[in-house]
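These notes are about the structure you will find just below.
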Amino acid sequence: MKTSIATVSISGNLREKLAAIAKAGFTGIEIFEQDFIADEGTPREIGNMIRDHGLEITLFQPFRDFEGLPGGLREKAFDRAKHKFDTMVELGTDLVLMCSSCHPEALGGIDRAADDFAELGAIAAERGVRVGYEALAWGRHVNDHRDAWEVVRRADHPNIGLILDSFHTLARKIDPETIRRIPGDKIFFVQLADAPLIDMDLLYWSRHFRNMPGEGDLRVADFMRAVAATGYDDWISLEIFNDQFRGGSAEGLSRDGYRSLVALMDEVAKTEPGLAIGVPKLPDPVRVEGVAFIEFATRGKEAEALAGLLAAMGFAHVGDHISKKLALWQQGEIRVVLNGEETGYADTAYTLHGTSICDVGLQVSSAADTVTRAEALAATPFSQPVGPGELEIPAIRSVGGSVMHFIDAASGLADVWDVEFTGTGETASGGAGLTRIDHVAETMNYDEMLSWALFYTSIFDMNRAPMVDVIDPDGLVRSRAIRTPDGAMRITLNGAETHRTLAGSFLAESFGGAVQHVAFSTDDIFATAARMAEAGFRPLPMTGNYYDDLAARFTLSDERLAEMKAHHILYDEDASGAFYQFYGRPFAGGLFFEVVQREGGYEGYGAPNAPFRIAAQKRIIGPKGMPRL
Ligand SMILES: O=C(O)c1ccc(O)c(O)c1
Ligand SMILES: [Mg+2]
């Protein structure tokens, strides 16, 4: 698999881009003319610098407005092309992208364009270069890869071929299956980009909103399957124009790009038989069966307060670690570990973030396969020394730097609780009726949301729900849920645009993206709320106005409403079912717990309630800011 990326796709100057691209594992780059012109090196020096990074120049681009011009303009276009061919030879690349003309005087006509390219092919051959023709979705006469292919077919010159770009095909809703009719050896190059579905002008959409395959809504995998079916086995290259990426981290974007290509080609290889492109064999996207545990780094008074909160929520302190300062709290299938170690990773996490969720354990189909797949997708493995009697549990670093452990049944790793913990005599039965973790909510900067979502959806068998806007009194938070097909594991990602939102101030307090809240499931939220209240749990108080509004919006009996109001339970419903939720009060810099009950097929997270929940949390926090424990 030969992976390449266009220099426009990431931020920085050319030298910074090259370093980041090479580090991420790409072996080629498309050089964009602007990047090349802006650099002070000669073409030859730049070519050598690129090769010194272990990168090949896969494509020189873009060359605009070549075909279909009349008289003197045509002559000028040929002169321009000759000039660029000479530059390409100096740079050390043999392929140029010519995008379909947008010139106001371009005349159109498949044969006219084909004649231009046939003539250009002869000139290119003399200089040892090749020309690839790409249909821009907004090209004046040619804006469909099928027409571009017809031009190339009629030009009938070995140095003239076709360049396919998933954005141009898919943005115009052209069926990618039509690519299967094109001979693979006439496809000179393939560019890939995804994009969110937004109804807007094609050029503007393309130049500002493209993103990595898997980050948007286009059928890039179907496009690539069709390309692969032609026998094409050359470069696959990311070409991403995105405003956000232009200001992002070159290294992070390069890593995401590489991750997206590996995941895409893995999907293609698994769904399209008999590929000519060699694709590394990876374990399938991992099936997550649920959250095995969440672990807090905490200590001292904060640890005591957290233990008190867990007790009030019905958790029992069931075990202690054989050699480390780890307390295991349990209720139903939920395990919460309080880590008070003063060395190692949890200690670092505590020093950096204060009391925080430093580790999430996932129950997966195979822990070993998870790490193999994650590492192939450029995730960072994590390990720290294990003490006597401890199990080596596979782990990786998550996007925000926290740790994810993987537990499976087959390898005996699920026995960790019996092997590494001694019982306190308390049992996990009873409690307040909490059964399992419904979802884990992570908060990050808005700019990082795509990266987090790609991390989860590429490693695990998880899908994204549409983006939801959450209105905070002090700004907007965008929220997107990711879940396994069966709902066994759900994560919500909340992207904060300003530090004044609740999510944003949590980010500022915790120095980076992390789990901000955990939602537990119950089968009877009224009984759970009552038992917790008896044990001293203080729910987040909702306003009387909220319940008046509920009464107006939904058909709920007076008794039901009164009971909801008494326990500060929020409500939502859709065509498929109902949803009940209540919240705890924020602690430790903005962490909080939630309790939910799903009825019928309700798959959401109570988004309509979020503004009222956030306003209530902000009232508790007050103008002085987030409480410590
Ligand atoms: O937006 C453009 O002009 C442009 C240029 C070159 C490309 O390969 C492309 O896909 C778009
Ligand atoms: Mg392109």
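Every residue gets a Cβ built from N, Cα and C, even glycine.
Note that the structure is a prediction, hence the values are computed from the model and not measured.
For the divalent metal cation site, TrEMBL gives Glu134, Gln191, Glu239; the one candidate out of Asp111, Asp165, Asp266 that the record lists there too is Asp165.
What TrEMBL records for the Mg(2+) site is His517, Glu594, and among His405, His439, His567 the residue it adds there is His439.
When the binding-site residues Asp165, His439, His517 are checked against ligand 1, Asp165 have a Cβ within less than 6 Å of one of its atoms.
Glu134 (divalent metal cation binding site) carries a strand DSSP state (E or B). Ranking the binding-site residues Glu134, Asp165, Gln191, Glu239 by the distance of their Cα atoms from the Cα of His517 (Mg(2+) binding site) places Glu239 first. Reported as a whole number, the C-alpha separation between Glu134 (divalent metal cation binding site) and Glu594 (Mg(2+) binding site) equals 52 Å. Looking just at the domain 'VOC' (436-585), the mean pLDDT is 93. Rounded to a whole value, the Cα-Cα separation of Glu594 (Mg(2+) binding site) and Glu239 (divalent metal cation binding site) is 41 Å.
In terms of DSSP secondary structure, the domain 'VOC' (436-585) contains 53 helix, 57 strand, 40 coil.
Rounded to a whole number, the distance between the Cα atoms of His439 (Mg(2+) binding site) and Asp165 (divalent metal cation binding site) is 37 Å.
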